Every structure is written in C-alpha cells, then in structure tokens.
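Peer 1: Pasting the relevant annotations from TrEMBL:
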TRANSMEM  21-44  transmembrane segment
TRANSMEM  56-79  transmembrane segment
TRANSMEM  146-170  transmembrane segment
TRANSMEM  182-208  transmembrane segment
TRANSMEM  215-235  transmembrane segment
TRANSMEM  241-262  transmembrane segment
TRANSMEM  274-294  transmembrane segment
TRANSMEM  306-330  transmembrane segment
REGION    348-399  region 'Disordered'
COMPBIAS  356-368  compositional bias 'Basic and acidic residues'
COMPBIAS  369-392  compositional bias 'Polar residues'
Amino acid sequence: MVTDDCRHKLKPGCSTVPIRIGVASFLQIVGAIIGNFGVEILSVDSKANIESHTMSYIRCSFIQASIAFVGLMYAFLYVRETHFPKREGFGYTEFQNSNLDLSSENGDDAESVEVRQSPPRRAGPLKYVGSLVEVLTEQRPGFTRLCLCLSLFFVFVEFLALDTNILFLLVKRAPFAWSDKIWSIFSLVKTSVFGAGMIVCPLLLTLVHWLGKDSLMIIISIAASAASFFLISQATTTEEIFITAGLGILTGAISPGYRSFLPRMVSKEQTARLFTVVHVIMTICPIISTTIFNNVFSLTLDTWPGFVFFLGGILQTVVVFGQIIVHILMRPQWRMEKMLREHRKNEIVTENDDPREEHRVVEADPEQRSVSNTTVMGSDIQASQENSSGTPRQGILKV
C-alpha cells in the first residue's frame, strides 16, 4: 500500500504527503496498540506468582510468533508485484531549450523521446545486493544523491536513538518503580498518540502551500522527539514521563514524512529497493542501539540514570540540523519541479486554445515522478547548473 502510493501519488512540484501513507503507517501502529493491550490483559505481577508471571510472557511470545507466521504466509501466497515500469519521458534537459525542435530526418510526425537507459543489472547471486547499492550510487541531478545518502544516514541515527528498552529499564527502578501494567498503559497511550500524529500532521500540512512540506514535517517531528528525550533525562516523577507521551502527536509524523520524502529522490522502479534499504537500517539499529546505550546506561546508572536519554536527544538534534541542510540543498530542485509543473499547465492551455499549433507538446510519461529522481550524465548536470545561474528558461520535450 505504501509502495504503490509512493509510486503513483507523489507528483512533481508537489510535496503534500498522501493521506493513505499516513493511514498505512497508522495501521502498523494499530498492531502495536493491540499488542500492548494484550500484554496488559495477560500480564501477571511477579509479586503475585512468579510462575504465572513467566507463563504470561510465554503466552504473549507464542501469540506474537503465530501472528508473524500468518503475516509471512500471507505475503508469500498473495503479495505480487504491481508495478511494471514504462519508459520515463523527461529529464533535466527540458529546461535547456525554450523552443521545440522538430525531428524531420524521416519526414514524418513520429515521436521519439530520448530516454537514458539504466545500466544493466548484475548477474549472479549478488545481483540483489548490487541493485540496492545502485539506488544509492546512481548519478542524479544536483545534490539529490548526496541528500539521499544523508537522509538514509539520518534515518539510521534517528532510529538508533528511538530504542525504548532503556526507558523500560529506567522506569523500573526508583524513583518510578513502575509495574508491568503501568508500563503497558504508558505504552498504549504513547502509541495511540503517536499513531494519531501520523494522520493529523499530514492533514494539517494540506492547509499550507510550502515547498518541501514533507521535509518540514520531518524537521518538526524529530525536534519534538529530541525535546521529549531531554524531558525524560530530567524527569523524576511518573507524571513527567506521561507528559512526554503527549509529544507523540508530533513525533508520529516521522514515519509518513520519510516515506513521502525519500521516494521522491528515486525513480518509481527503485521505490521498493529504497524501502528495502530503509528497513535494513531499521533492523540493524536496535542491535547497535542495545550494545551502545545499554553500556552507557550501566555506566551512568548511579550518577545520572537519564544521561542516556540526554545523549539520544543530542543525536536527534544533530539529525534536525542535518535535515535542515538537506532541505536547503533540495529547495532549488523543488522550485524547478514546481516551475515545470506550471509550465506544463500553461502549455496544455495554449495547445487547447490553438488547434492549428504545429508544435505539439509531448506530455511527460506518467511514470516520471520528479526531476530529482532522473538519472543524468555530467553534461546534463552542467547544463542545468548553467541554466540555474541565470534566468530560468522554460522548455519542453523534443519530438
């Protein structure tokens, strides 16, 4: 659902987050809400009966494994590829010429749109790994490739700091001394607010007309997450911990924000591979996070138990400033896409007003999502830079 919407709903010149991406992200959170609710029902306090306490966790683990197996079998039996790529019809060269160039070599009106072919796929057992690396190394206009790699690095840092296991260890000790039920209630409240933010934030951004709305949503949500970490690092009461759950209405926008922002930098047939890279990062992060933050928590347990959250807040603050840099670097790309979008609308109106027009406009293939994801050669980049240094010139496809 997310992959298909990222392929079909992300239009050039528009940075609105499709609401279905937020809904799909929320549906994933619903599973966590149901899981926390189930744990709250099945959990038994260790003070009451240690054997029942142990069996309650065994039952929860069995239910989790069973549902995961059902999901795996569903994906294996029913999930199929829904995208069959066509040729992508426009690139950076649309801005190089202000007039149409007619091809009269054959003396006919046959259209020929020049398309750059992607390099051949690697053969052998490493072809899948090579295709993932290709997404990150493929040459793209302007700073797009740099911003893509930086954004993936920021995803790594962000999810590295989002590990909640340390919070569980913190609230289990004095002065909090939470029981399993209180922890389940907190997780339920925080997850519910977090999921609501996945839908509310994209809806609020539809009221404004800013460039890079999904990028701005990422900046605001990660800043809110950093603020919650700083608050937890100084918290001494249960009420202060629960207050940080309220910031989940803003931090919930992280997931739909990245799911909208990252795919705009790649072509449609690379969307699934990009999400594969993201999920690999999300899988590796908990392993690394546990190794680093557990040791830091153990070392500072007696002096400052919340120091590990202060460190996490610093990491997220770094991500905020890094995303601001990415936003600044990508603004020229977004302006160009917006200009291209307006140019096409004007050309369509002109064509409808003058049916005798000799020069017919070739509308870009609907496969193309954005100027930013077009693979270009060095000459195209140089030409685009020359155009950006002066007055932007309008142009359209060659026929």
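Glycine is no exception: its Cβ is also placed from the backbone N, Cα and C atoms.
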Peer 1: Which of 21-44, 56-79, 146-170, 215-235, 241-262 has the most Cβ pairs closer than 8 Å to the transmembrane segment (306-330)?
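Peer 2: Selected stretch: 215-235, with the most Cβ pairs under 8 Å.
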Peer 1: Which residues, given as numbers and ranges, are at least 6 beyond the ends of the transmembrane segment (215-235) yet have a Cβ under 8 Å from it?
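Peer 2: For the transmembrane segment (215-235), the far contacts come to 15, 17, 158, 161-162, 167, 170, 197, 201-202, 205, 241, 243-244, 247-248, 250-254, 256-258, 261, 304, 306-310, 312-313, 316-317, 319-320, 323-324, 326-327, 330.
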Peer 1: Can you work out whether the transmembrane segment (182-208) touches the transmembrane segment (21-44), with the criterion being 3+ CB pairs under 8 Å where the paired residues are 6 or more apart along the chain?
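Peer 2: The answer is yes, given that the two segments have at least 3 Cβ pairs within the 8 Å cut-off.
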Peer 1: Six or more residues beyond either end and a Cβ under 8 Å away: which residues meet both conditions relative to the transmembrane segment (21-44)?
Peer 2: 1-2, 5-6, 9, 52-53, 55-57, 59-60, 63-64, 180-181, 184-185, 187-188, 191-192, 194-196, 198-199, 201-203, 252, 255-256, 259-260
Peer 1: Against which stretches of its own chain does the transmembrane segment (146-170) lie, if we need a Cβ under 8 Å and a gap of at least six residues from its ends?
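Peer 2: Those are 136, 140, 176, 183, 187, 222, 225, 229, 232, 254, 258, 261-262, 265-266, 277-278, 281-282, 284-286, 288-290, 292-294, 297, 305-306, 308-309, 312-313, 315-316, 318-319, 322-323, 325-326, 329-330, in sequence order.
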